[in-house]
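A quick write-up on the structure given underneath.
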Protein chains: 4
Amino acid sequence: MGTIERRGIMERLDNGEVVIGDGGFVFALEKRGYVKAGPWTPEAVVEHPEAVRQLHREFLRAGSDVMQAFTFYASDDKLSNRGNTASQKFGCTNINAAACRVAREVAQEGGALFLGGVCQTPTYLSGASKEDTKEIFRGQMRAFKDEGVDFILCEYFEHVEEAEWAIEVGLETGLPVACSMCIGPQGDMHGNSAGHCAIRMARAGAKIVGVNCHYDPFVSLEAIKLMKEALERENLKAYLMCQPLAYMTPDAGKQGFIDLPEFPFALESRICNRWDMHRYAREAYDLGVRFIGGCCGFEPYHIRAVAEELAAERGRFPAGSEKHVVWGGGLKMHTKPWVRARANREYWENLNPASGRPYSSAMSKPDNWGVTRGNEMLVQHAHETTTEEEDLVRGIKDKLKTACCQHHQETKKEADLVAAAQAVTETA
Amino acid sequence: MGTIERRGIMERLDNGEVVIGDGGFVFALEKRGYVKAGPWTPEAVVEHPEAVRQLHREFLRAGSDVMQAFTFYASDDKLSNRGNTASQKFGCTNINAAACRVAREVAQEGGALFLGGVCQTPTYLSGASKEDTKEIFRGQMRAFKDEGVDFILCEYFEHVEEAEWAIEVGLETGLPVACSMCIGPQGDMHGNSAGHCAIRMARAGAKIVGVNCHYDPFVSLEAIKLMKEALERENLKAYLMCQPLAYMTPDAGKQGFIDLPEFPFALESRICNRWDMHRYAREAYDLGVRFIGGCCGFEPYHIRAVAEELAAERGRFPAGSEKHVVWGGGLKMHTKPWVRARANREYWENLNPASGRPYSSAMSKPDNWGVTRGNEMLVQHAHETTTEEEDLVRGIKDKLKTACCQHHQETKKEADLVAAAQAVTETA
Amino acid sequence: MGTIERRGIMERLDNGEVVIGDGGFVFALEKRGYVKAGPWTPEAVVEHPEAVRQLHREFLRAGSDVMQAFTFYASDDKLSNRGNTASQKFGCTNINAAACRVAREVAQEGGALFLGGVCQTPTYLSGASKEDTKEIFRGQMRAFKDEGVDFILCEYFEHVEEAEWAIEVGLETGLPVACSMCIGPQGDMHGNSAGHCAIRMARAGAKIVGVNCHYDPFVSLEAIKLMKEALERENLKAYLMCQPLAYMTPDAGKQGFIDLPEFPFALESRICNRWDMHRYAREAYDLGVRFIGGCCGFEPYHIRAVAEELAAERGRFPAGSEKHVVWGGGLKMHTKPWVRARANREYWENLNPASGRPYSSAMSKPDNWGVTRGNEMLVQHAHETTTEEEDLVRGIKDKLKTACCQHHQETKKEADLVAAAQAVTETA
Amino acid sequence: MGTIERRGIMERLDNGEVVIGDGGFVFALEKRGYVKAGPWTPEAVVEHPEAVRQLHREFLRAGSDVMQAFTFYASDDKLSNRGNTASQKFGCTNINAAACRVAREVAQEGGALFLGGVCQTPTYLSGASKEDTKEIFRGQMRAFKDEGVDFILCEYFEHVEEAEWAIEVGLETGLPVACSMCIGPQGDMHGNSAGHCAIRMARAGAKIVGVNCHYDPFVSLEAIKLMKEALERENLKAYLMCQPLAYMTPDAGKQGFIDLPEFPFALESRICNRWDMHRYAREAYDLGVRFIGGCCGFEPYHIRAVAEELAAERGRFPAGSEKHVVWGGGLKMHTKPWVRARANREYWENLNPASGRPYSSAMSKPDNWGVTRGNEMLVQHAHETTTEEEDLVRGIKDKLKTACCQHHQETKKEADLVAAAQAVTETA
Ligand SMILES: [Zn+2]
Ligand SMILES: [Zn+2]
Ligand SMILES: [Zn+2]
Ligand SMILES: [Zn+2]
């Protein structure tokens, strides 16, 4: 953990190294009991810092090279949205500063970097002006600068316009800025292609660009591939980053896993296993991605799988491999002989895991409301959701179901599935 | 069944009528015990004409407006390929003539048209010259002309070049020529897009163009859609025809259902039901397809479903609806009350049928050898497949499995599935 | 086809032979356009004898040793139930006599036996007396006797009591009587175990007992196994017969496939393939069943698979094997080399066929109304189902859905699935 | 957190309270990077006590009334089995004492009880004598007694004989003893029925009996039901406890999830969601189970779901519900309106979650070696697994696959699935 580890993010990337990110704190801490699903805000870093610290340590141990301060959605507009009282109780600055301190502390234990992140805002979705939106980002960035983060991450944007504004504010800090959008191969909510989004992020000044959240590793890499091709066409230089879901989403629509009926409380049967992550790490690396991490659903063992797959390239195993042998080798110590017979790569690489759910299907049909920035239902407000609003959204749901019946939806979907499957098989 | 029925195929189409085709005789008669899977040749029309006649009658009764003589693969090169003795025993001309007579007889019972068809030849696949290949088609066309067919169908071509040659020979008869290829949205085996194939078929002189076999109704319509757009771009006038499989194939690759591991003896769990065919008929009609039929897997009741869906547009129900009430209405006469509760469209239109196979998945990975015209393994020869050849192909199968492991295949496939699913959801 | 074939059913069985039955005419002819789903009555044998004759020939060719006259539900009460006019137009006696003549004609073409069958009656379900019910059977039996059938089959009974009454009437003819019930391992609708039903059928005088319809081959054999054990415990001598569905029904409840939501118009994805039938034939034979046939869903090629599996035991292949090579051997003549690589038993025996339906599950939850004999909704009446009755049954359906929610149903089902799976694995 | 919480386990149960257990530390800590899959031993409690403490706190917060010291497999024979060095480095006593201290510390933070547990031993599986086996348990119990645990849990036994021996040693401490076996409805590895196992545990002196691990909640409750009936038949008084997997296992065989091909590294797609746990808690409560917890796969949010389902019965919500609103209520604060439309019980209770894996099936076929106590391959030894041993077990695996082909396995399995499904539907 000597001198070499003090080098910054750009030095590492310029040196050809793979930087391993961490996983999604919001989902992991929701399962541990510290984050509320719905608002998804990070005030737990003030209320229960020991829980956040422990999760940082687990990712560090798993091989993460960067500790992302737990600041997701920690802007005052989100902290006070729809009945949330976190803004009032703690406030954006306190939360961001506390998150930085916890991240820095753990980062220093293992020679990792630490960073602060901002993401899309209710302010923007409500249709506010560029300056008003940038002011929201500025509030968060100040805390990052004061706490001495190593770099800035602007992430989880559905509209490239807002991502550009965030990058602009990030650059005001003088620190390197990375930017990733929560989009797939279809591009952003304003109809910009994935490639065009990459170009705009790079032109706005992000040194590292890519995607995070919303899609599984393999869909996300499809989006990255389009980004890479666009950047090359335009002769733009930017490192690629990928921090996908740890949920399988071949059936997700344009708004990603949020549209899937299982979001957020029944995603379990879609969780990726460690072998999926080996494959993800290998394909990301082969595609040229050098910032490889995860988002919602990633647990420490998923990151460890990434670090183990790339151990040869990185010249080291993560600390957590003390308790893991690659490709199931630990099973040689299992009591049952038929489990010992599974202690090899061939077994796990070829296994197609069953769901254990005979009444469930392979795919779901996503909700597809298609509302985005400016729609009244997305507007930020401080009061709780009223019964009238509840009735409204449930009514819309039922109406959509009727208007665009299953029959019709299926037609389109199957046709496209076929087209995709064909395209694939040809090249495989 | 008066004067109006004597009108030819072009008169009917020019008059804006929907022409309903029939189903796949080869597969239907294989299940009835009269066709051998493997060679798939139609000598049964000589050996057991009563079985072929009965199947024609069932399709006529189901609503078919055209009786396709059972001449599939009835060219002498195919009838003598790999140990087949049908050429020697009966010969191309006898089989084609006999098939025409049976088709004509039944057509006359119901005011239908009858036609002769040719399809792709081992001669072409072996790399023979244009003239040699055309001579094969000429042998078949002569019988059609002699027997007075109403029109010619060139179908089941994987290479548009061979389709063009067949059309040219068809035109020599002076009769209208229709042409359909067994391709999907990915185009033909020589890399020609579906749209380009349509243009070439139309330019070669086919008045009706489209696809048949190899893909399910909904994938097939995707290909037709591409054809339609291309024809419109080029200002070419041709009627569209669609005669798809009655097997669901969202996972098929470029060579269609032949590549799927279930082909040809375990396709049962993929069979379309009558409600799938209602959907198919409606979508085909809405897309502008006016020759709507079926290929392998279509049984008479599938065609009846097409005719019932389009009964309003056609102004009549098929004779076979004597024994069927649309949308399950016959169940009102069922003994059990809970089955009577199913006598309505809403029930059937929204049902997602289960497979009853808890160890089976939704999709399979296709074989994908990618060999086509000119490859030694496709060359026509008279002798039976030898043990050495058998060992060779089984060896290749094993080798491909290893070389391009499941792991790798899946990556690509899933990524494309995602892309497709996204594209779809957006527009749905 | 010499003297030996004139021997009766009992001579054959006593001689240790396997007798192969035929398949389900009602379902096969519904798909061909000659039978109406709902009433399911066989007047087509008068209206379209050539269609019935052709189907008999196909089964004969596939290996059936017995031709069952197409007399299903041909009792006057059923022929006039709920708006059916077949009783009035043709009448029970005409239909049964015509069916016998067609069956006899084809049987004589191939040295097969022919038989007449009766099945459960609306009269019994309506709660009529023993004598009234027996009189219904007598009407049918008279025609059988007059036409010279080789033996009588009483089949498709849900209540052993009614089966006994039918057997008694059958015995009045002086011919051998076989009897099979449409029950599974759970027994009949009055709570009699499968074993007890077998005992009562044998004691009533049936020389051959077993099950038909309602369950897939493997569930049906479980019921047969219970019957066999019960007969042995009681030292009763009777041959075992099995004529199951050709639909996979691991999820069916006590009333069999009729309760499954896919019945009768969306069962396609459950259809058994020929390899399932090889397995069925082998397991039936090993269990000691010597009358091995099929019911709804069985097509000629399914019966051919049974005959091919037992070719060694029977010393012959069926005539239809002229067009089939066991275990996929015909594929050696296929054009595509990767399909030629499938020309072997190992390939087909180990294939798990996909459904091609990514939005479908493996299992469905059956309706489970639990109404049986005597319930008002089952009562026979001549008039058509009224709108009031329709509303009633659809209302009950909705109510049951609410009362016994999916949540609750699933609990029970899964628990039992587990119990079953465990029981199985232990012995496998 | 006053006086009432100091009451012991028997007082609470005698008072009619529901006691909520915790989840499986071994699996949870493997994913966090502190336990090695294969040996599964708990030396992490000495190496990384902060990680173990944090997990205890999360379960406490989720509603657990008892803190189980992390002592799984902490007997010296297991700690030195097959290359494990934990015995040598730390030793049984140190590990057990450290685990007790951590558990006690957290228990005191929330008025919970704490307990020590023992489980099945390599010594017993190797065929050692009763006294030798009991001596292994005594080593662990001494530490429990010294550290002042509130009660003893003997758990995870596959043979009731070993469970009895453990109970006997437990009683030597003078503390209440609970005992659960890792069996399903099929009973133990020596052929003792689940009911008989319960009787023997109760007669041996366990005040609380039940099952843990190896099966999903609903299969486990089937086993408990059999235990309950047996205890009632024998007029034995014992409280019932259930601590199942959080993995769906309808397809598991007699050795439970260890036999499933997904064990232990690809179980993700089988993970239960919180709504499954609501159902589990309700059904367990209705069956009379009063010690309701979890084992492998249970995360804190699963236990919270149990506590929320039983909040009315217990008169309180867990602390962790600060960050959770029952039945998805937190989604009222979500940004997207279509997600707000999911903020209700009806939505989640009726959702059938998809797997996102189109090449996967619903069920797997378990390994089924059937080796148990006394088999050479189960014998404890200190050296690592050799290459010869590896080859041996992989060879056996291949051989079993051939000998008992998929074909054959499936037969049996399906038949039983059917039997189960039928049994269920009848009563649903
Ligand atoms: Zn995320
Ligand atoms: Zn075809
Ligand atoms: Zn039937
Ligand atoms: Zn466990």
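A Cβ is built for glycine as well, from the same backbone N, Cα and C atoms used for every other residue.
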Could you look at C:C197, C:C213, C:C242 and say which one TrEMBL places alongside C:C295, C:C296 in the Zn(2+) site?
C:C213
List nothing but the one residue from C:C213, C:C295 whose Cβ has the fewest other Cβ atoms within 10 Å; the candidates are the binding-site residues.
C:C213
On average, residues of the domain 'Hcy-binding' (C:7-310) score a pLDDT of 96
Those residues of the chain, 6+ apart, with a Cβ under 8 Å from that of C:C296 (Zn(2+) binding site)
C:G24, C:V26, C:F27, C:C213, C:L245, C:A246, C:Y247, C:F257
Please list, in sequence order, every residue of the chain apart from C:C213, C:C295, C:C296 whose Cβ lies within 8 Å of the Cβ centroid of the Zn(2+) site.
C:G24, C:V26, C:F27, C:Y156, C:C182, C:N212, C:H214, C:Q243, C:P244, C:L245, C:G294, C:G297, C:F298
Please classify the secondary structure at C:C213 (Zn(2+) binding site) using three-state DSSP.
coil
